[in-house]
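Taken straight from Swiss-Prot:
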CARBOHYD  N9  N-linked glycosylation site
TRANSMEM  44-64  transmembrane segment
TOPO_DOM  65-1355  topological domain 'Cytoplasmic'
MOD_RES   S338  phosphoserine
MOD_RES   T345  phosphothreonine
MOD_RES   S346  phosphoserine
MOD_RES   S356  phosphoserine
MOD_RES   S405  phosphoserine
BINDING   492-614  nucleoside 3',5'-cyclic phosphate 2 binding site
DOMAIN    961-1127  domain 'PNPLA'
MOTIF     992-996  motif 'GXSXG'
ACT_SITE  D1114  active site, proton acceptor
Amino acid sequence: MGTPSHELNTTSSGAEVIQKTLEEGLGRRICVAQPVPFVPQVLGVMIGAGVAVLVTAVLILLVVRRLRVQKTPAPEGPRYRFRKRDKVLFYGRKIMRKVSQSTSSLVDTSVSTTSRPRMKKKLKMLNIAKKILRIQKETPTLQRKEPPPSVLEADLTEGDLANSHLPSEVLYMLKNVRVLGHFEKPLFLELCRHMVFQRLGQGDYVFRPGQPDASIYVVQDGLLELCLPGPDGKECVVKEVVPGDSVNSLLSILDVITGHQHPQRTVSARAARDSTVLRLPVEAFSAVFTKYPESLVRVVQIIMVRLQRVTFLALHNYLGLTNELFSHEIQPLRLFPSPGLPTRTSPVRGSKRVVSTSGTEDTSKETSGRPLDSIGAPLPGPAGDPVKPTSLEAPPAPLLSRCISMPVDISGLQGGPRSDFDMAYERGRISVSLQEEASGGPQTASPRELREQPAGACEYSYCEDESATGGCPFGPYQGRQTSSIFEAAKRELAKLMRIEDPSLLNSRVLLHHAKAGTIIARQGDQDVSLHFVLWGCLHVYQRMIDKAEEVCLFVAQPGELVGQLAVLTGEPLIFTLRAQRDCTFLRISKSHFYEIMRAQPSVVLSAAHTVAARMSPFVRQMDFAIDWTAVEAGRALYRQGDRSDCTYIVLNGRLRSVIQRGSGKKELVGEYGRGDLIGVVEALTRQPRATTVHAVRDTELAKLPEGTLGHIKRRYPQVVTRLIHLLSQKILGNLQQLQGPFPGSGLSVPQHSELTNPASNLSTVAILPVCAEVPMMAFTLELQHALQAIGPTLLLNSDVIRALLGASALDSIQEFRLSGWLAQQEDAHRIVLYQTDTSLTPWTVRCLRQADCILIVGLGDQEPTVGQLEQMLENTAVRALKQLVLLHREEGPGPTRTVEWLNMRSWCSGHLHLRCPRRLFSRRSPAKLHELYEKVFSRRADRHSDFSRLARVLTGNTIALVLGGGGARGCSHIGVLKALEEAGVPVDLVGGTSIGSFIGALYAEERSASRTKQRAREWAKSMTSVLEPVLDLTYPVTSMFTGSAFNRSIHRVFQDKQIEDLWLPYFNVTTDITASAMRVHKDGSLWRYVRASMTLSGYLPPLCDPKDGHLLMDGGYINNLPADIARSMGAKTVIAIDVGSQDETDLSTYGDSLSGWWLLWKRLNPWADKVKVPDMAEIQSRLAYVSCVRQLEVVKSSSYCEYLRPSIDCFKTMDFGKFDQIYDVGYQYGKAVFGGWTRGEVIEKMLTDRRSTDLNESRRADILAFPSSGFTDLAEIVSRIEPPTSYVSDGCADGEESDCLTEYEEDAGPDCSRDEGGSPEGASPSTASEVEEEKSTLRQRRFLPQETPSSVADA
């Protein structure tokens, strides 16, 4: 190979090697020093040695002098002797002095004068080192915490059999007897004595048609099938009864108790396999009620409540059935026959059945304004005391109640044990004043007064003392003595109600005469009465689901009672009473009826029997099939992958839905509250359960089995239309809630639990203080005041409970009674606030057990800390979601260190900052505090206050503001914000993209459009600078600019603010180009994520996420108007402002190929026709924004979004110098739009609670969207009916079967009819939804095309 040059180089000097290396690496020459002569080298060595000797001599001299000073003898002084204790004290003081000096230097207190210069030097050197090394104090970041197992996991034990010492039959019976309420131990043991075992072989019948229906059957082991006969004589299995469940009918139990027992007609139950059944005869209850008569009223009341809530809720509210639920074959009682009057009780065939509520009825068009006469029989009392005029039509309830403490006031019952009748009294929502109790009754009326009522009606009242000489002035009784008519009517009423002492009716009954067209009571009225028809008839109407029309349920004839169901249950009236022609009736108020029941409890049986007699045979069948189910806290209702065989309706309590991913990770999907429909999509589509649903707290549900639904579809095919509506509403709701334009791809929102706000549709809220310094009473009163503007609110604390229910109310023996009483209060109020004690008392435990959500309240100006009560709470499995609420003084600084508050706690679902009025922090005694808030409650709550914002969050009425991206055009956001403030629209949540994230962050920090405008104008002015961008230019590998100048401009605005420290909840959107996904930022450094959301490709480099290092770009590429994100965070209404550029859509068609020279000629030639063809840059831009455009179309067509777009198309993206012009355009546009909203009452509807306006519709979509299908497929799924079992029933007589299965003939009633197919005649076409009706005509938006469902026959 020869001698290479490489070998020669190895022998070269080291200087030459270094020279060559540096020349190759740096690309420039390095001059190497030449070798020096020998003589100068020797001279240098000599000079160095001399210097070293000189330094050594100096050091030796200094050491010698120091030693001489130490050897100098000191003058001897007196030598002292010390005792041991003095030495200990001396050295002890010396040590303590040293310790005090060291600690004082640590806390920067007064130190000695000698140490101060040292400390200053140390600090100065430390600062210099920080500047050199650029050491910065890192701001704390929010720690990612997963929800605890108690939130995401249900209990593994599904029953109490393994953990209980009681036998299974006792537990099963206890569980199923609870359907009739809680029985004390002696009552339950008395019932268990009547329990009988019954063993059945496969195919054996438990009962068959024709046999007595007088028992409750509980399955201990095996399987029972509940069957109903079909049209072809075959039996259809409508329900399978597993061990632990029961077969019973509340109406049948009521018939036995009231003494009107009937045999089974159509229902049968047989054993699907060998089974053991426990039978409890209903006669056992009669024996118990003989010993404990007060329990009778309570049990009957519970039966009525569950009949109304379970049966009517499922069949009417969700399946749309109306007059199919009531019988029309009741024979009227002729009390005062009048010739020529019809006696029919059912609607007339061929007459109009549907009445429009928007217009006037045919029969009442001319008589609606006629007066209403009534002759009253007042209660005796002191002479001369006038009675207040009463009106048949109750006035609407006030919007704001001044009740601060418990509104139920029952005189004489406080402080003592609660009896069953007391519970029934409160269930009926009766309030008895102390004055009435003391005086023996209400005050009497003055003789013969005629008063004008507010509704335009007249009341004629008189005293019984003068009635002997007075005659009846109206109706068929003209000329007869009023007293004789009144006494005869009272005798008939006493006979009907089986009142042993007729004097109980004295002073408690009013005689009324209503002119034709008068509305006696309206649907939804709370203050109801009992009406006993004497002459004429009362028509009972009910509002149809999703239509502004009413349907006639039945006609009450003479001798019938109306309104007894609402009187017994205490629930609002479920129908409207209207006198279509002149009618005379007796009226007993609810309070008077309960006074009669207190004197004679058996009266409740007669009233309940009249309700049961009105129920149709179909309702009796459904009473067997539809179950009332109770689920204890922590127990799973069903698990993911289970078979979908039923649908549930939440009656009381709260459920949580959790999904388990393929990786095994569990995530929170949503929560369900009162009135929500669960599992309907899975049940109708025959899909396995998509998630696991467990109870957050003790929950009651109505269970609608799959077989029962199939039977209803066979009997009433019009139900299919309603099911199609329900199912399409659920699926459409899921489609609207899909985040991102490509569901299932990486461009959609990751389904994390923090991206949803399950704290909505709450019924109960527990309030827990962090420390004793939190003004809990004032805070709860402020929150109650804000909630009262939304709906009835109740505040409970331990003092209120003891005052109302007695000192022993919190004892364990009273647990079931207290639970029942609290459940009543939750039913009667929109939301109940539970104020805990400052320690872990039994009341605190009860509050946490009852809570749907727990608010942890702390003081924002204190050091972040965890309270002792919270630490105790961590050791218990609390399933309710927790939210942190920090209170701040009105004039104090803004929020800080929120991250530290959150990091030291376990998982919280969210946090809120509240700016509180001064009165909340004032120190007052409880009496003075209540006196102060009495005045506060007399005023309406400010909708812009932070407590009103918290109230909207808790009730699910949050209003979100979403600001889109568009460069300088985003300055118009501030003008719209100013107009929004002037219109009085509150904002509870702010989000945005690009420039929208910048403006939104300013508004979330300032909460004032004026201050937001001032700070945004300063920043826009800096954006017009030319020098800074020029200095920021760089070599364009990734971007044209380094981003440093833009970073400084954003940092100057927000400093080191954290997103968690903003006043309003805030989020923004970025595009993660590392993971090809959309990122939603709700915590972290504010300026960084705002900058990331404003990062345009090519101009600025992507921002590195400080959390995971992912590269973040402008969120406008994927979601320029993130209204769907705000919706997923719990917003009811989203106001979305779009300022993006409008792309040209009218492009030229140039054929299959395109020549660039041709385009150049077209552009240069002034006489050629201009062509519109995008260049390469525009094509790339359009490709980048494809998903954004599609997402925008989805947002614009959604029902929850108020889409706004100012006229800003004439401004360019970088026109920041035209800030004031763009602001004025937005302001003028906002004034015009919000002015139209004010005139159209859109704002008021926006602030109205959705539970009060949308009672008939489910508020929550089901858990997961199933594969999309066409409308024909949807109809096929819903209308699919399983063939009945091939078993021919031979135990039901033809006549008996026809009584229940044949459609009734409508032969009476002036305005009710039904066509052959069962669908209503004359029904108007389905109108748009209520949400669409609220939209302002000034909005610019695009609607989804409405699809018309096919006919029921086609389905």
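Just so you know, glycine gets a Cβ as well, placed from its N, Cα and C.
Not measured: the values here are computed from a predicted model.
Per-residue confidence over the topological domain 'Cytoplasmic' (65-1355) averages out at a pLDDT of 75. Distance from the CA of the residue listed as 'active site, proton acceptor' to the CA of G524 (nucleoside 3',5'-cyclic phosphate 2 binding site) is 51 Å. Non-local neighbourhood of the residue listed as 'active site, proton acceptor': G965, T993, S994, T1070, T1071, S1093, M1094, T1095, L1096, S1097, each in the same chain, at least six residues away, with C-beta under 8 Å from its C-beta. There are 24 other Cβ atoms within 10 Å of the Cβ belonging to I588 (nucleoside 3',5'-cyclic phosphate 2 binding site). A556 (nucleoside 3',5'-cyclic phosphate 2 binding site) has a Cβ environment of 25 other Cβ atoms inside 10 Å. Using DSSP to sort the residues of the motif 'GXSXG' (992-996) gives these counts of helix, strand and coil: 2 helix, 1 strand, 2 coil. In this structure, V540 (nucleoside 3',5'-cyclic phosphate 2 binding site) is part of a beta strand by DSSP.
Within 10 Å of the C-beta of V604 (nucleoside 3',5'-cyclic phosphate 2 binding site) there are 27 other C-beta atoms, taking all protein chains into account. Secondary structure at R508 (nucleoside 3',5'-cyclic phosphate 2 binding site), taken from DSSP and collapsed to helix, strand or coil, is coil.
Secondary structure from DSSP puts A556 (nucleoside 3',5'-cyclic phosphate 2 binding site) in a beta strand. Around the Cβ of G524 (nucleoside 3',5'-cyclic phosphate 2 binding site), 15 further Cβ atoms fall within 10 Å across all displayed protein chains. Secondary structure at I588 (nucleoside 3',5'-cyclic phosphate 2 binding site), taken from DSSP and collapsed to helix, strand or coil, is strand.
Look at the Cβ of each of the binding-site residues R508, V540, P572 and count the other Cβ atoms within 10 Å; the largest number goes with V540. DSSP classifies P572 (nucleoside 3',5'-cyclic phosphate 2 binding site) as coil under the three-state reduction.
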